[in-house]
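Some features that Swiss-Prot has for this protein:
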- LYS11, LEU12, SER13, GLY14, GLY54, ARG58, ASN162, TYR168, ASP171: ATP binding site (BINDING)
- GLY53, ASP73, ILE134, GLY135, SER136, PRO137, TYR138, PHE139, SER140, THR141: UMP binding site (BINDING)
- 19-24: region 'Involved in allosteric activation by GTP' (REGION)
Amino acid sequence: MEPKYQRILIKLSGEALAGDKGVGIDIPTVQSIAKEIAEVHNSGVQIALVIGGGNLWRGEPAAEAGMDRVQADYTGMLGTVMNALVMADSLQQYGVDTRVQTAIPMQTVAEPYVRGRALRHLEKNRIVVFGAGIGSPYFSTDTTAALRAAEIEAEAILMAKNGVDGVYNADPKKDANAVKFDELTHVEVIKRGLKIMDATASTISMDNDIDLVVFNMNETGNIKRVVLGEQIGTTVSNKASE
């Protein structure tokens, strides 16, 4: 079956790497995620990754507790680099040539982010893991994902969620009558105020015609199903459903 998308960016939360522990990095969990990503990669799909850092650090609560916000955000960026290095190692163990590129130069452990080099890696069937956000405070890893997806001309951002199987009109944990959307447009997401990504990330995705697929990553095989075009989760695009 021909993949629906040829080049994708997968956005993982940092908590996804923590497993049942909720914090830190659980290596078996990382290996399980890496195995699934490697299988999709081996089908010929070009893949980039952005991983959050919430399993290790959260800048906003630290700032609210009195830490300088800029310093707090930079600390969080370093957390995303740790996650990127661990994921890259697991992908390498599954035989996938992988590169880590960081927005803040740290040549001893990773390449500096260079768009042209990232594109060449993808064209050579390497996975690229982007770390350190966009290198500036006040920007989320959602914005990083949208910006990098636009820069590498990805067709879709796969928002892999922990236990969340799509986008609802209300919180399904609080409202038994919450309805899941199969499809939405970027404009509808912004108008409804649905918190899939922050506003900056949503606008970048809309302006660059990048599909956004929100799905439950806890079900094995879901990444592959999304890439093959199966209707799971919620797909957000510029095209209204017919």
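From the backbone N, Cα and C atoms, a Cβ is placed for every residue, glycine too.
This prediction places the mean pLDDT of the region 'Involved in allosteric activation by GTP' (19-24) at 91.
Non-local neighbourhood of LYS11 (ATP binding site): LEU49, VAL50, ILE51, GLY52, THR141, ASP142, ALA145, ILE157, LEU158, MET159, ALA160, each in the same chain, at least six residues away, with C-beta under 8 Å from its C-beta. Note on proximity: among ILE134, SER136, TYR138, SER140, the binding-site residues of the record, the Cα nearest GLY54 (ATP binding site) is that of SER140. Counting residue by residue with DSSP, the region 'Involved in allosteric activation by GTP' (19-24) contains 3 helix, 0 strand, 3 coil. Cβ contacts within 10 Å of GLY54 (ATP binding site), excluding its own Cβ and spanning all protein chains shown: 20. What surrounds the UMP site, by Cβ distance within 8 Å of the Cβ centroid and not counting GLY53, ASP73, ILE134, GLY135, SER136, PRO137, TYR138, PHE139, SER140, THR141, is the set GLY76, MET77, GLY133, THR143, THR144 from the same chain. With GLY53, ASP73, ILE134, GLY135, SER136, PRO137, TYR138, PHE139, SER140, THR141 listed as the residues that bind UMP, the site has a largest C-alpha separation of 15 Å. In the three-state DSSP assignment, the secondary structure recorded for LYS11 (ATP binding site) is strand.
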